[in-house]
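Undergrad: Right, I'll just put the structure down here and ask away after.
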Amino acid sequence: QINLPVIHQYVDYLVNKQNVKNVFVNGTTGEGLSLSVQERKQLAEEWICQGKDKLDHVIIHVGALNLPECQELARHAAAIGAGGIAVIAPFFFKPTNKGELVAFLQKVASEAPEVPFYYYHIPPLTGVKIRVEELLDGIKAQIPTFQGVKFSDTDLLDLAQCINKNKTGEFEFLYGVDEQLLGALAVGANGAVGSTYNYLGRQTNLMLQAFAKTDLALAQKYQFLTGEFLNFVIKLGFGVAQTKAVMTFVSGIPMGPPRLPLVDASSEFIAKAKAKLDSIVWPDGD
């Protein structure tokens, strides 16, 4: 079941402990696609309510496998004051070309005509591999609210070509593969959305600051240490359930179990992941 009362504590933790001021709600780590429409609405409302005057941006993911649910969620997000909405490509009956994908996205975006719209590109989970570079051509004419892309793929060539086309800077590219964020920043990504920022947000912000100051050696240290932890846990089996477990032991906030078909992280995983994270010495001495 969803646990609404914990969100107040969660917001305060992100802001005060991790220096994270923006959230992406009902996405992959939030198990948005495993929740009912009503549950997704409740979560969106609670995040916006608890984030008022604390968070800068609350982006609500409204993607679903069918168009009417996407549209209903988009209308709801607009009504409650979301700072943006995002949509994945449907992944059972998939769009097979740019035209089909844009037609679907346009039908969702038009239900929230005042709300910035993001395409959530995550081909490892959707199987939709239409290149974002191709998608961007003429997108504003069809989706006037198009704001950018949550780019959760390892194809930095595609990302770089998108950024090269974005010479006026009208679009935002929020990178979603945490262990490769520094590479994405180097080719021009201007933000990040990822699960590790729940518990490594402070260190990632320090990496961003180092990169902005062109201290590449320091930025690399942060990226390499994040990668060292992720490389370790990926070998143990690292998914949404394990992410919840890590966030629980780091923050002290109970993130709860995942919803079936996912199953809870093992006690062995938790012990090993905690020991590994505790062993890492960050450049700021933490």
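The backbone N, Cα and C atoms fix where each Cβ goes, and this holds for glycine too.
Pulled these from TrEMBL:
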BINDING   T29, V193  pyruvate binding site
ACT_SITE  Y120  active site, proton donor/acceptor
ACT_SITE  K150  active site, schiff-base intermediate with substrate
Undergrad: Around the C-beta of Y120 (active site, proton donor/acceptor), how many further C-beta atoms are within 10 angstroms, looking at every protein chain?
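TA: Its Cβ shell of radius 10 Å holds 26 other Cβ atoms.
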Undergrad: On a count of neighbouring CB atoms within 10 A, which of the recorded positions K150, V193 is highest?
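TA: Top count of Cβ atoms within 10 Å goes to K150.
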Undergrad: Taking Cα atoms as reference points, rank the recorded positions T29, K150, V193 by distance from the residue listed as 'active site, proton donor/acceptor' and give the first.
TA: K150
Undergrad: Taking the Cβ of T29 (pyruvate binding site) as reference, which residues of that chain separated by at least 6 in sequence fall under 8 Å from it?
TA: S195, N198, V240, T243
Undergrad: To the nearest Å, how far is the Cα of V193 (pyruvate binding site) from the Cα of K150 (active site, schiff-base intermediate with substrate)?
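TA: Cα-Cα distance, V193 (pyruvate binding site) to K150 (active site, schiff-base intermediate with substrate): 7 Å.
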